[in-house]
Amino acid sequence: MRFSHKHLLGIEPLAPHEITMILDLAERYVDLNRGHAKHGDALTGLTQINMFFENSTRTQASFELAGMRLGADVMNMSMQASSIKKGETLIDTALTLNAMHPDLLVVRHPHSGAVDLLAQKVNCAVLNAGDGRHEHPTQALLDALTIRRAKGRLHRLSVAICGDIAHSRVARSNILLLGKMENRVKLIGPPTLMPSGIAEFGVEVYQDMAEGLQDVDVVMMLRLQKERMDGGFIPSEREYYHRYGLDAQKLAHAKPDAIVMHPGPMNRGVEIDGTIADDINRSVIQEQVEMGVAVRMAAMDILARNLRATPQEVMA
Ligand code: NCD
């Protein structure tokens with residue numbers, strides 16, 4: 001079985017066996033990360049550059065750690081301080097970096113499609129660490145690994161994704177991944193935060209939490225993406241919490257063993273009650289962070305194997 005892609009730009013082009021391949025390798029890295037000597041050699045001699053044009057805590061830190069644990073030389077470009085401020089275009093920055101011969105480029109950008117564009121201009125493997133409201137593939141993969149470990153499978157589960165679906169790349173990548181693996185996906189949120197035409201993705205849409213959460217195995221909460229909103233999408237945070245914030249009462253509609261997820265950063269008291277987020281019997285939010293490092297190690301390892309292989313081998 002081959003991973004037939006040079007880049008990891010989204011979940012959309014991946015086949016189910018390629019998703020499983022990343023998750024299976026990530027399992028091995030979970031074990032490595034839990035040991036004392038956390039070093040592998042899959043990226044030895046390779047150069048990884050992280051370019052984050054948007055703020056990030058978890059994603060950037062875990063990509064950095066993932067690269068270091070696998071032996072890469074890792075450089076973080078501070079995009080605020082770079083020539084972008086002086087008006088250099090994204091493409092010029094990419095070409096400049098390309099001339100330094102990186103092997104792996106990890107990019108987060110506020111514009112949907114920017115990472116795909118950049119991937120066409122460079123020779124190395126590009127990993128999308130989130131582009132606008134488009135895709136965030138490693139987040140969906142780490143969520144999938146967390147679900148698979150908690151539920152023992154990644155198919156025929158009922159998963160609710162709740163809140164600001166319209167502005168969320170996390171939701172989009174998760175909808176695609178969970179759909180490919182044959183799960184039932186229920187989206188819950190106010191109509192103002194639901195993208196138009198979403199039903200074409202084979203999902204069910206609900207406006208009411210009690211109704212949508214009925215008997216689900218997984219409850220995935222999303223942050224209100226205020227930085228991507230240009231008007232009044234919600235009446236007030238108080239009202240939003242009342243209708244859509246996950247509290248014990250609403251969670252009681254899900255299966256008794258349903259897990260609670262959140263990609264972070266979390267707004268306690270807006271989309272989720274702090275007690276639920278901290279409840280170690282229900283919340284897998286810390287596991288998601290742990291799986292994030294392992295999944296990024298696996299994704300970079302697999303792309304690096306393709307870098308070393310001949311083009312014919314990659315396409316075989
Ligand atoms: C998400 C993102 O940046 O898209 N965060 C993350 O990567 N952990 C979700 C968010 O910002 O709400």
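Glycine is treated like the rest: Cβ placed from N, Cα and C.
What TrEMBL records for this protein:
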DOMAIN    6-148  domain 'Aspartate/ornithine carbamoyltransferase carbamoyl-P binding'
BINDING   Arg58, Thr59, Arg108, His136, Gln139, Gly264, Pro265  carbamoyl phosphate binding site
BINDING   Lys86, Arg169, Arg223  L-aspartate binding site
DOMAIN    157-302  domain 'Aspartate/ornithine carbamoyltransferase Asp/Orn-binding'
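Where TrEMBL records a feature, it is marked here on the structure.
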residue: Arg58; record: carbamoyl phosphate binding site; Cβ contacts under 8 Å, 6 or more apart: Pro263, Gly264, Pro265, Val289, Gly292
residue: Thr59; record: carbamoyl phosphate binding site; Cβ contacts under 8 Å, 6 or more apart: Phe52, Arg108, Ala129, Gly130, Thr138, Gln139, Gly292
residue: His136; record: carbamoyl phosphate binding site; Cβ contacts under 8 Å, 6 or more apart: Asn128, Ala129, Gly130, Arg169, Val170, Arg172, Ser173
residue: Arg223; record: L-aspartate binding site; Cβ contacts under 8 Å, 6 or more apart: Gly163, Asp164, Ser168, His262, Pro263, Gly264, Pro265, Met266, Asn267, Val270, Glu271
In sequence order, those binding-site residues of Arg58, Arg108, Gly264 whose CB lies under 6 Å from ligand 1: Arg58, Gly264
Secondary structure of His136 (carbamoyl phosphate binding site) (DSSP, helix/strand/coil): coil
Mean of pLDDT values spanning the domain 'Aspartate/ornithine carbamoyltransferase Asp/Orn-binding' (157-302): 95
Arg58, Thr59, Arg108, His136, Gln139, Gly264, Pro265 excluded, remaining Cβ within 8 Å of their centroid (carbamoyl phosphate): Ser56, Thr57, Ala129, Gly130, Val170, Pro263, Gly292
Extent of the carbamoyl phosphate binding site in Å [max Cα distance among Arg58, Thr59, Arg108, His136, Gln139, Gly264, Pro265]: 16
Cβ atoms near Arg108 (carbamoyl phosphate binding site) (within 10 Å, other residues, all chains): 25
Among Gly264, Pro265, which are binding-site residues, the residue with the most C-beta atoms within 10 angstroms of its C-beta: Gly264
Cβ neighbour count (within 10 Å, all chains shown) around Arg169 (L-aspartate binding site): 24
Packing count at Gln139 (carbamoyl phosphate binding site) (other Cβ atoms within 10 Å of its Cβ): 27
